[in-house]
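> Annotations for this protein, taken from Swiss-Prot, read as follows:
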DOMAIN    9-65  domain 'HTH myb-type 1'
DNA_BIND  37-61  DNA-binding region
DOMAIN    66-116  domain 'HTH myb-type 2'
DNA_BIND  89-112  DNA-binding region
REGION    123-171  region 'Disordered'
COMPBIAS  140-154  compositional bias 'Basic and acidic residues'
COMPBIAS  155-171  compositional bias 'Low complexity'
REGION    176-195  region 'Disordered'
Amino acid sequence: MSKRPYCIGEGLKKGAWTTEEDKKLISYIHDHGEGGWRDIPEKAGLKRCGKSCRLRWTNYLKPDIKRGEFSYEEEQIIIMLHASRGNKWSVIARHLPKRTDNEVKNYWNTHLKKRLIDDGIDPVTHKPLASSNPNPVEPMKFDFQKKSNQDEHSSQSSSTTPASLPLSSNLNSVKSKISSGETQIESGHVSCKKRFGRSSSTSRLLNKVAARASSIGNILSTSIEGTLRSPASSSGLPDSFSQSYEYMIDNKEDLGTSIDLNIPEYDFPQFLEQLINDDDENENIVGPEQDLLMSDFPSTFVDEDDILGDITSWSTYLLDHPNFMYESDQDSDEKNFL
């Protein structure tokens, strides 16, 4: 069984409500309360539809209805609920106390909808409009020709300064300076390395010869002293020889100068000159960057048995020789540099 429609019969009034109609409706609802909207028009003596009476009471005549401007918070609630629920005004009005759905709908259509369009937002989808920026800012174009002309004018006005030189000439000058500096550094490095290789090899050879001569002298003096001391313990020697030997031991400071070892004197200066000449020849053969070792020389140059002729004269000659060089701090710095 279907419901009875709100409006039946003929001669129903439509349009704006009058003051008399409003008073009749208010008086009946105060006496009988809300509800039964299909029967209210007949009972209240109104020639109106039941739906029209309900809407008139709910939206206008109800005493607790909130009138006036919508606050900022109410506007934000309407916008957010409309984005999620759409045009369901009764649902939106439930979240706004004392606000009717009709009032919310009217306020949306007259205020909020136009405001969103002005802000570039679609009132239906609540997304930015495609043509939200009718006058887009064109990208700034850079005029390279104008910029080059300005640079040329500024370079001509400051022709007396070094900055007015062409860029290519500045680059060429910088490259030439860098290349010349690299050439000087490389040449200095090679010459320093060559000089260090020559001087260090000669000094090592001379120092090795001096150290060898000194060690042989120490060994020989020790062996002579041991030979002279060994007969002192034997009992088969005559007393006269032992007494003379004890006297020699007591005066051993004169022993080194009084004993003739019968070792032929070796011509060390001639040996050293020959050694230096051979060093120069070997350096020219192997190149400036290779060091010469004692093993590179023939073993026939030095006789270890005859090299101990006069140790004192050898040391003096080594110290006085112009090509004899000690390994100084400068040589060690050059090693670190290499």
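Cβ from N, Cα, C; glycine included.
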> Report, as numbers and ranges, every residue of the chain located at least six residues beyond the DNA-binding region (37-61) whose Cβ falls under 8 Å of a Cβ in that stretch; write 'none' if there are none.
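Distant Cβ neighbours of the DNA-binding region (37-61) are 4, 6-7, 11-14, 17, 21-22, 24-29, 100, 102-103.
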> Using a Cβ cut-off under 8 Å, which residues of the same chain at least 6 positions beyond either end of the DNA-binding region (89-112) come close to it?
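Apart from its flanks, the DNA-binding region (89-112) reaches 55, 58-59, 64-66, 70, 74-75, 77-79, 81-82, 123.
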> By DSSP, what is the split of the DNA-binding region (37-61) into helix, strand and coil residues?
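Counting residues per DSSP class in the DNA-binding region (37-61), I get 17 helix, 0 strand, 8 coil.
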> For the DNA-binding region (89-112), how many residues does DSSP put in helix, in strand and in coil?
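Counting residues per DSSP class in the DNA-binding region (89-112), I get 18 helix, 0 strand, 6 coil.
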